[in-house]
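S.K.: Okay, handing you the structure first.
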Amino acid sequence: MRKQGVSSKRLQSSGRSQSKGRRGASLAREPEVEEEMEKSALGGGKLPRGSWRSSPGRIQSLKERKGLELEVVAKTFLLGPFQFVRNSLAQLREKVQELQARRFSSRTTLGIAVFVAILHWLHLVTLFENDRHFSHLSSLEREMTFRTEMGLYYSYFKTIIEAPSFLEGLWMIMNDRLTEYPLIINAIKRFHLYPEVIIASWYCTFMGIMNLFGLETKTCWNVTRIEPLNEVQSCEGLGDPACFYVGVIFILNGLMMGLFFMYGAYLSGTQLGGLITVLCFFFNHGEATRVMWTPPLRESFSYPFLVLQMCILTLILRTSSNDRRPFIALCLSNVAFMLPWQFAQFILFTQIASLFPMYVVGYIEPSKFQKIIYMNMISVTLSFILMFGNSMYLSSYYSSSLLMTWAIILKRNEIQKLGVSKLNFWLIQGSAWWCGTIILKFLTSKILGVSDHIRLSDLIAARILRYTDFDTLIYTCAPEFDFMEKATPLRYTKTLLLPVVMVITCFIFKKTVRDISYVLATNIYLRKQLLEHSELAFHTLQLLVFTALAILIMRLKMFLTPHMCVMASLICSRQLFGWLFRRVRFEKVIFGILTVMSIQGYANLRNQWSIIGEFNNLPQEELLQWIKYSTTSDAVFAGAMPTMASIKLSTLHPIVNHPHYEDADLRARTKIVYSTYSRKSAKEVRDKLLELHVNYYVLEEAWCVVRTKPGCSMLEIWDVEDPSNAANPPLCSVLLEDARPYFTTVFQNSVYRVLKVN
């Protein structure tokens, strides 16, 4: 957006300088006439010798000429102020036209951004409704659609809004005894629940205002379901908690698309670049996001703020002003990105890992880079405070990299005094940064006692080193944590996204290598030249990092695909392809690319729109109804993590394990609970469950036999973890045949079996 304004300003100013030059030429003649007049009037020009006495006719002619000259001089002095006023008015008129053009450009950019934001919001709402028929589901069915950790997060939103007051609800989730019974935990600190707290406050405020004025907030009706399902009541409108909750999420992600447009427009220098970013996102929508299928996940709240943060960082890298506001905005967007999601710190670490080599070779001036590091440090500190001293923020690779970067910046001059070559100077700084970051990370983890917590970096390390144990297999056997599908690059190619980005990356890489080679050859820093393209180098490095992450963990495509869409906007950049646009019409090139993109892109959109379904899960509904009406409110349950989240959400019964698997203590509990799918003895498992105060165990027959891929059935995972019992029969099969004497079957349907722990 801002880039567009700058370019229009340049065009206007160049026109102004030309007209000003023309006015300058006309005005330049007037002092010459004036000077000539003054010379003649004062007798500055000498007559030939012997001609001092002139004839009367000559004197008269001289008088007439002198009178004419005096008249011209008088007119010049009289017209001078008017000419000045006229020139000033012309300049003012041009300035107004320039401001109007910039305002028009800004308004156009903002208008398009609002339009694409609304378009994306409608797209998300349509896909979500088509998939589940959410508007016609009962409250219980809507809660069941939030499976696994989604149900866990939504349960805290439900707790707050159903409490007598907002503050009481806040106190309840900060002193939660239901989730890891009998432990009392601060759920905000453990599960990053600021989104639920904020949305709950909005919901309570909205309902309070609507009730004050007596306005209806929802419409309810009875829905007749297929036999043997009974009739249920379904409500639609912002007064329904589930509708309000997902509505806020879709609005936020709709706004994200408007931000993508402005991001692409600013990076490429043209609004057409922003449109290419948006179209690429829509054409590759299934590869770019999953918010329409899984709204409550942490990434749905967090990722839009990463887009904002990267847009602000691009502005900082491109401009050379000392304005503090972009740096403050960078700090706040970092906080907004980190608070909702535990994996956000690792993504910010990849940013620092991309920025540091740019600083080393001279793409970023030290003072600017130092400010960026300080803002990141402040954002970590603020997040640590707001998350009630969550030590994960201080023991991450991100925090360690910030400290090492700060130390290297301070010691830079001392390293230079070693008198090494430029290349060795770079290698020393890079080696010190990597080694120092890794060592500092492990030291802080040990000191703060969080070395046993699983992070995204641990999963990536397990992938690279091919290390497996019970905990890593629980993660990596899930489809979203598998390697990238082989068909994904083909899908990128069909929409022309991959070829376009590869061409852009090659041009940036070629220019970067040429610049760095020249720096090494001349042994000087090309700060002015390199600073102009630092944002391009940064985006290229981030693209490489996101590509590596997406290949290792499929779920991280959510970072790669949108970033590729932003990079695709650079096909409109005259900075990169000005040589091409001077030979071929700019519009023809872009129109041709968009035409080819839209062939497969439109087919992808039609495939998404064709997904029509209606949610129902009768076995789980029967289970939840039985628990709600056939057990006491203090009965404690254990079982598969996804099912436990649903039990807590819909029945409010205590559970001992849940899907938020990063915490070391929780993983130890889950390991005990999942031992029913091992080859251990029934007595040993029963005794361990009693230590956790479990009253009922929910056994799922599918978990006894399901195998997502080789080595990923629960029995195979346990054989890796517990080889000493590999010869014993599976406990799950024993319990399905006859659970006595250590367990008693009290409920059973086609999927679930509830065992009372004796």
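Backbone N, Cα and C define each Cβ position, glycine as well.
Pulled the feature table from Swiss-Prot, pasting it below:
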- 1-107: topological domain 'Nuclear' (TOPO_DOM)
- 1-58: region 'Disordered' (REGION)
- 7-18: compositional bias 'Low complexity' (COMPBIAS)
- 108-128: transmembrane segment (TRANSMEM)
- 129-194: topological domain 'Perinuclear space' (TOPO_DOM)
- 195-215: transmembrane segment (TRANSMEM)
- 216-241: topological domain 'Nuclear' (TOPO_DOM)
- 242-262: transmembrane segment (TRANSMEM)
- 263-283: transmembrane segment (TRANSMEM)
- 284-296: topological domain 'Nuclear' (TOPO_DOM)
- 297-317: transmembrane segment (TRANSMEM)
- 318-343: topological domain 'Perinuclear space' (TOPO_DOM)
- 344-364: transmembrane segment (TRANSMEM)
- 365-371: topological domain 'Nuclear' (TOPO_DOM)
- 372-392: transmembrane segment (TRANSMEM)
- 393-422: topological domain 'Perinuclear space' (TOPO_DOM)
- 423-443: transmembrane segment (TRANSMEM)
- 444-488: topological domain 'Nuclear' (TOPO_DOM)
- 489-509: transmembrane segment (TRANSMEM)
- 510-533: topological domain 'Perinuclear space' (TOPO_DOM)
- 534-554: transmembrane segment (TRANSMEM)
- 555-758: topological domain 'Nuclear' (TOPO_DOM)
S.K.: Considering only the recorded stretches 195-215, 242-262, 263-283, 372-392, 534-554, state which has the highest number of Cβ pairs under 8 Å to the transmembrane segment (344-364).
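M.R.: Per the Cβ count, the answer is 534-554.
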S.K.: Mean pLDDT over the topological domain 'Nuclear' (284-296): what is the value?
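M.R.: Looking only at the topological domain 'Nuclear' (284-296), pLDDT averages out to 95.
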S.K.: Are there residues at least 6 beyond the ends of the transmembrane segment (263-283) whose Cβ is under 8 Å from a Cβ of it, and what are they?
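M.R.: Apart from its flanks, the transmembrane segment (263-283) reaches 1-4, 7, 108-109, 112-113, 116, 120, 123, 257, 307, 310-311, 314-315, 495, 497, 535, 539, 561-562, 564-566, 568-575, 590, 593-594, 597-598, 600-602, 604-605.
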S.K.: List, by number or range, the same-chain residues at least 6 past the transmembrane segment (195-215) whose CB is under 8 A from its CB atoms?
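M.R.: Sequence-remote neighbours of the transmembrane segment (195-215) are 153-154, 156-157, 160-161, 166, 169-170, 173, 188, 238-239, 241, 244-245, 248, 298, 301, 340.
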S.K.: Please give the sequence-distant neighbours of the topological domain 'Perinuclear space' (318-343): residues at least 6 beyond its ends with Cβ less than 8 Å from one of its Cβ atoms.
M.R.: 3, 192, 194-195, 298-299, 301-303, 305-306, 308-309, 312, 371-372, 375-376, 378-380, 382-383, 386-387, 392-393, 455-456, 531, 534-535, 662
S.K.: When DSSP states are grouped into helix, strand and coil, how many residues of the topological domain 'Perinuclear space' (318-343) land in each?
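M.R.: So the counts come to 15 helix, 0 strand, 11 coil.
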S.K.: Cβ under 8 Å to the topological domain 'Nuclear' (216-241), counting only same-chain residues 6 or more beyond its ends: which ones?
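M.R.: Contacts of the topological domain 'Nuclear' (216-241) (Cβ under 8 Å, skipping residues fewer than 6 from its ends): 135-141, 157-158, 161, 203, 206-207, 210, 247, 616, 618.
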